[in-house]
């Protein structure tokens, strides 16, 4: 049993960090390219490290590596060779570890290796629809190397982020079944009880409840206004559920053409009040995704932890 799994089982609530993309934008980095935040591993790694440091300083227990968009295939398409791509993914883990070492707070601090969906590689917004027709074998090839690198680089846990497609989720669970590392799953939803590709959430839950490698699941980068209903649905379907995680975006609208979010969504105080609801409804892991920042993390930590 991993140290993180053992620790997590003893906690009644766990704070994960907020958006890497907003953290980089607030440090004046332009993310309008196909690699999105993964380009920063090439151009501005020191900014990534600083984002991790400040999330830990804000009180988070768990920081997520900047590998959501960092895939071997994505880097190959951008002109890097395979060795360079592997080194960049490894670097992302080292930057998270460096951020942890430089942070000042004394709470428990862990590293989650982020695995984004195939839709993130496509960079066309399909991580919010699950609308991509690729074979299971292609999905397996896409994910295998990154999983191996993240584990070997020393992540404490893996986190599948914004997974919109049930076929892809099944491939990932099969790949991770015999790996000696715990897994957290964040699904992309179309509404409170359907995966983005319209698979009923109860069907998704059945897969995740039966997967021994999965220690927690829920949703991320969803609009905050459906999160409470999504938690109620998960609890209703499986009263003796595994730990639940929610880290929604701020409610802003994303434009995949310019790689930007078009409005600010809910305020920091509103996000705090919603987080309080989510914990009361049964979520154990809480945090934020796109358009949330260190401000939300610190507020949640100071008021609710």
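Glycine is treated like the rest: Cβ placed from N, Cα and C.
Nobody curates TrEMBL annotations by hand; they come from automatic prediction.
Remember, it's a predicted structure, so these values are computed and weren't measured experimentally.
The Zn(2+) binding site feature in TrEMBL is assigned to 221, 289, 290. Sequence-distant neighbours of residue 221 (Zn(2+) binding site): residues of the same chain at least 6 apart with a C-beta under 8 Å from its C-beta are 127, 128, 161, 162, 186, 188, 247, 248, 249, 289, 290. Residue 221 (Zn(2+) binding site) falls within neither a helix nor a strand when secondary structure is assigned with DSSP, and so counts as coil.
Under the heading domain 'Hcy-binding', TrEMBL lists 2-304.
Mean pLDDT, taken over the domain 'Hcy-binding' (2-304), works out to 94 on the 0 to 100 scale. For the recorded Zn(2+) site, residues 221, 289, 290 set the reference point as the centre of their Cβ atoms, and the other residues of that chain within 8 Å of it by Cβ are 19, 162, 220, 222, 247, 248, 249, 288, 291, 292. Around the Cβ of residue 290 (Zn(2+) binding site), the number of neighbouring Cβ atoms within 10 Å comes to 21.
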